[in-house]
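Trainee: The annotation signal peptide is assigned in Swiss-Prot to 1-19 on the grounds of sequence analysis. For Asn73, Asn175, Asn201, Asn206, Asn231, Asn236, Asn253, Asn270, the entry in Swiss-Prot reads N-linked glycosylation site, with the evidence type sequence analysis. Feature annotation from Swiss-Prot assigns compositional bias 'Basic and acidic residues' to 338-361. Marked as region 'Disordered' by Swiss-Prot: 338-362. According to Swiss-Prot, the GPI-anchor amidated alanine annotation covers Ala364.
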Amino acid sequence: MAITKYLVSALAVAGLAFAKDCAGDLTIENQQDVSTLSSCEKWDGDIVISEVVKSSISLTGVKQITGSLKAKNSSITELSAPNLNSIGDALSLSTCTALRSLDLSSLTKVKTLSLEALPKLQALGFTRTVSQATSILITNTDLTSLQGLDLETVGDFMVTNNPHLMEINVNKMTNITGYLNFAANNKQLSVKFPNLEGAHNMTFRNVSDASLPSLHKMDGLLGFYSNFFMNISAPNLTATGDLVFTSNSAVMNISMPKLETVKGGLQLANNSLLEDIEGFPALKLITGALDITGKFKTVKLPSLKEVRGDANLQSTETFGCDPWQKLKDSDVIRGKLTCRERQEKPKTGDDHSGGDEEGHKGAAAAFAKAPAAALLIAFVGALQFFL
């Protein structure tokens, strides 16, 4: 009995010692510091790569980090953790301008992924693919694709200022609960979400293709700004918040055949090759403002029953204002109607302050939010190179 008690006590003490040795916040300044992890499959705390590191670091053995794995302003050249499969909090690599190789070949789960100002990093190094993450930020890298990300759902998904990023294809993603923003990547960037069914806010800027064949419902803004595609389609979209198409210089066709409700404003502005606006045959309700300006010759919304805000239609061409006046006279358009043909400089609505009892404001304010956020993210990302 005494021997049994002794063994139990010894094992308990050993367990506590082991737990203590594999816990806390660890700062790594060289490869020798990694020896602290040599007997730890699980590290309970954060691991931080110091700014003084100027070579490669290999975290062999550790399989799980309950906290974060971080590096900021470090001169690390290679980071390897081939056995690491889970990071409980953040994988954050920021302003590591010498980092050229990332090997996290077993990683499948991380809470937040943040890769910022990594100008030499060309591949993610997620061989098994990361399938769980709540937030992703990738900005100012040399990545050519996002191969290694295979998420089904995500919160925020920000990808900006990656000059060689040519393709984003997230096959399994079905839902985006936060804000998605793609901006200022390679001009040939093709974005494909073949199975995405729902999203909160999404903005696409400077992309050559955006494929959303399964998108069914948006809760917030769906915006397309300064893109290079000729055609854009969301064949299964039935409802969205604000819907914006601005300064898409090559677009000639917009098709959303099942869209019935815009809970906010609908704006099409400065799409210089868009002559015929006929891609919304089922649209019935716009709770905010309707704002269409450009060089269009045709506007057809045959199912429209209600516009709760103002309606502004201005074109350099003749498109016919009589049908719109009839909609105003029949109270389909609840706010102010501005309809002008053959305008040298068509103007967008100055103050689309319409909306419904739920507080949906008109186009002008809502349309400005996402572009401003995108520009701020892009600016902050670029600024990191100089800090």
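Glycine is no exception: its Cβ is also placed from the backbone N, Cα and C atoms.
Relative to the rest of the structure, where do these features sit?
Mentor: Applying an 8 A CB threshold to same-chain residues 6+ apart, the list for Asn73 (N-linked glycosylation site) reads Glu51, Ser94, Thr95, Cys96. Annotation note: Asn73 (N-linked glycosylation site) sits in a coil segment as assigned by DSSP.
Note on Asn175 (N-linked glycosylation site): other Cβ atoms within 10 Å of its Cβ, all shown chains, come to 15. Under the DSSP three-state reduction, Asn175 (N-linked glycosylation site) is assigned to strand.
Counting every protein chain shown, the Cβ of Asn201 (N-linked glycosylation site) has 22 other Cβ atoms within 10 Å. DSSP classifies Asn201 (N-linked glycosylation site) as strand under the three-state reduction.
Note: Asn206 (N-linked glycosylation site) has non-local neighbours Phe182, Ala183, Ala184, Asn185, Lys187, Leu189, Ser226, Asn227, Phe228, i.e. same-chain residues 6+ apart with C-beta under 8 A of its own C-beta. DSSP assigns Asn206 (N-linked glycosylation site) to coil, not to a helix or a strand.
Counting every protein chain shown, the Cβ of Asn231 (N-linked glycosylation site) has 13 other Cβ atoms within 10 Å. Under the three-state DSSP scheme, Asn231 (N-linked glycosylation site) falls in the strand class.
Every protein chain shown contributes to the tally, and the Cβ of Asn236 (N-linked glycosylation site) ends up with 16 other Cβ atoms within 10 Å.
The C-beta environment of Asn253 (N-linked glycosylation site), restricted to residues of the same chain at least 6 apart in sequence and closer than 8 Å, consists of Met230, Asn231, Ile232, Ser233, Leu274, Asp276, Gly279.
In three-state terms derived from DSSP, Asn270 (N-linked glycosylation site) belongs to neither a helical nor a strand segment and is classed as coil. Shown in sequence order, Thr246, Ser247, Thr293, Gly294 are the residues of the chain, 6+ apart in sequence, with a C-beta less than 8 angstroms from the C-beta of Asn270 (N-linked glycosylation site).
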Trainee: Calculate the distance in Å between the alpha carbons (Cα) of Asn201 (N-linked glycosylation site) and Asn236 (N-linked glycosylation site), and round it to a whole number.
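Mentor: Spelling it out, the Cα of Asn201 (N-linked glycosylation site) and the Cα of Asn236 (N-linked glycosylation site) are 17 Å apart.
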